[in-house]
Amino acid sequence: MSIIFRVRGLATATRLLNPFKVAVIGTGPGGFYTAHHLLNKSSPDKQIHLDFFEKLPTPFGLSRYGVAPDHPEVKNCEEFMTNIMADFKDSDRHRVRFIGNVEIGKDIKLKELEENYNAIVLAYGCTSADNKLNVRGTDSPGIISARQFVNWYNGHPDCYNTENPYKPPPLDKIEDVTIIGNGNVALDVARMLLADPKQHWHATDISVEAEELLEKSTIKNVNIVARRGILESAFSNKEIRELFELKDAKFEPLEEGLLERIATKKLGRVDKRRVSLLEKYNKPISAEEKSRRKWTLRYLLSPVEFITRDGGIKETRFVKNEPVDDPLLPGRVKPTDKFVELKNELVILSIGYQGTSIEGFEEIGIWFDDNKLHNRGGRVLSQISKGETKENLTYKKGWYTSGWIKNGPKGVIAVTMMDSFDTAQNILEDLTNGDYIKVEEGKDIIDSDVFKSLSDVIYWDDWKKLDNYEIKEGDKLGKTRYKVCNKNEMIDICK
Ligand code: FAD
Ligand code: NAP
């Protein structure tokens, strides 16, 4: 028996000397939930050295820069990352580092990662681009993407750079806004435009610049427009209820006949609830409510032209759609020969984010297209060469993916979490089977010439300085956090 123990002890010691090295690219929910599972579920004889790489100086991805400021409870997920750093930064078994302000693909090449890590998890999200509309006038001034608007009110450093800061729409000069798309992002944007800045937004971590402009807002009407019908609405019931219940804005009734046409008897629970919510709030506006801001939901309309005059957008022309009458094509619509124009001085396109590739995928043979990384259960697939068929697919050994870039730009944080656990479980399985990238022992990327040439790398302790600063300054202003938005300023505070 003692021999077995001694052999086991030796195996453990060897493992401890040669930790399993993992790089996680991106510190949004996809990245930190994968790391959480890996570190907590690895077998006791495995030691993991995990490095988080983040292109921004700050962690948390869309939890910090996407989730609406009035949803602080959603941001509680950030505790997972904070706990990982507290529990494993220098623990006996695992070691975890946050390496911020380092963009993978640019500052550090993918090939360099392959030389240093046994496993690499691509969890870099889908926030660099958005879907486009192929409609006349799309590039006119006054048509903006929801992604950029969200970045602006959430204080994303891309909008607040010194050289070329984002110019927000002139909310203090316009009255009518059209939002195209009716997903939860569209509803966040609508809430931002409709709710009272002092009562609703001031106490949150909204960017101070956004709050100041919203205080001067002259907006009166917001139309949220979808190309399909009520049952195909992309928003969730909780989010639409929140908008209905805003004290500062009034819902204008739906187009007549839309609700009445729905056969409620055949609906599932979620759809029934959706219809009953719409019925509840679909009431005429009373005389005393007439002066308030108004918003409504419009359905079965596809934009066909943005009409500009005097250098600005004045109207959007939509073709009216009708449902395709075919039980095999549920939810499909087709255009009619009828058109409608909506008056607007600002159009916000909220038609989905888009995944982009990282420089070097082709070179090392990673298969990316169609908004996402091709993968099976988070194991990244190799690019198929000309002449090869999809039956010949192989895995790109040691490369994994989690979060939105794994599945495309959809899914709430709870879904991202469960799915990231799946990726992590497959990494652990491959680790047990010896199926990982073999790297030179004792090598550490931060000793490499490339790494040493990087300036202003932000480590966890640096970020904590910024974190504490933001909370302290926020406290003085009666806000949960005062977000520092300019990257240079962030780095100065971190250092
Ligand atoms: P992200 O959160 O985008 O994280 C990716 C990280 O990778 C970022 O930090 C990014 O800076 C970093 N990165 C990118 N490129 C590189 C690179 N080359 N090198 C290093 N790092 C890189 N879900 C909810 O449950 N509730 C909500 O209220 C909610 N609100 C949302 C609001 C908006 C506007 C959006 C767009 C989404 C919202 N979601 C919400 C969905 C939720 O944000 C996602 O499920 C989740 O953030 C996806 O996580 P991720 O890690 O894949 O991507
Ligand atoms: P989304 O839910 O996919 O909604 C996209 C919307 O754009 C849909 O209405 C879609 O209509 C429309 N659209 C797409 N292409 C179009 C086109 N060419 N022309 C006209 N309309 C078009 O995306 P999202 O709103 O960006 O949200 C992304 C994810 O984040 C979702 O999973 C969402 O739930 C999550 N999120 C959650 C919260 C929250 O929980 N509070 C907040 C924000 C975001 P069709 O359906 O007809 O394609």
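Placement of Cβ uses the backbone N, Cα and C atoms for every residue, glycine included.
Under the heading domain 'FAD/NAD(P)-binding', TrEMBL lists 20-232.
Here TrEMBL flags GLU54, LEU62, ILE104, TRP404, GLY411, VAL412, ILE413 as FAD binding site. Long-range Cβ neighbours of VAL412 (FAD binding site) (same chain, at least 6 residues apart, Cβ-Cβ under 8 Å): ASN184.
Its Cβ taken as reference, VAL185 (NADP(+) binding site) is surrounded by 26 other Cβ atoms within 10 Å in the chains shown. Sequence annotations record features per position, and here TrEMBL assigns NADP(+) binding site to ASN182, GLY183, ASN184, VAL185, ARG227, ARG228, GLU239, GLY411.
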**Complete:** Across every protein chain in view, the count of C-beta atoms other than its own within 10 A of the C-beta of LEU62 (FAD binding site) is 23
**Asked** Which binding-site residues, if any, among GLU54, LEU62, GLU239, TRP404, GLY411 have a Cβ under 6 Å from ligand 2, given in order along the chain?
**Response** GLU239, GLY411
**Request:** Mind computing the max CA-CA distance among ASN182, GLY183, ASN184, VAL185, ARG227, ARG228, GLU239, GLY411, which the record assigns to NADP(+) binding, rounded to whole Å?
**Result:** 21
**Asked** Taking only the binding-site residues ASN182, GLY183, ARG227, ARG228, GLU239, which have a CB closer than 6 angstroms to any atom that belongs to ligand 1?
**Response** none
**Request:** Consider the binding-site residues LEU62, ILE104, GLY411, ILE413 and say which one has the Cα lying nearest the Cα of ARG228 (NADP(+) binding site).
**Result:** GLY411
**Request:** Identify, in sequence order, the residues in the chain of GLU54 (FAD binding site) that are 6 or more apart from it along the sequence and have a CB within less than 8 Å of its CB; answer 'none' if there are none.
**Result:** GLY26, THR27, PHE98, ILE99, GLY100, ASN101, VAL102
**Request:** Calculate the distance in Å between the alpha carbons (Cα) of LEU62 (FAD binding site) and VAL185 (NADP(+) binding site), and round it to a whole number.
**Result:** 12
**Message:** Tell me the coarse DSSP state (helix, strand, coil) of GLU54 (FAD binding site).
**Reply:** strand
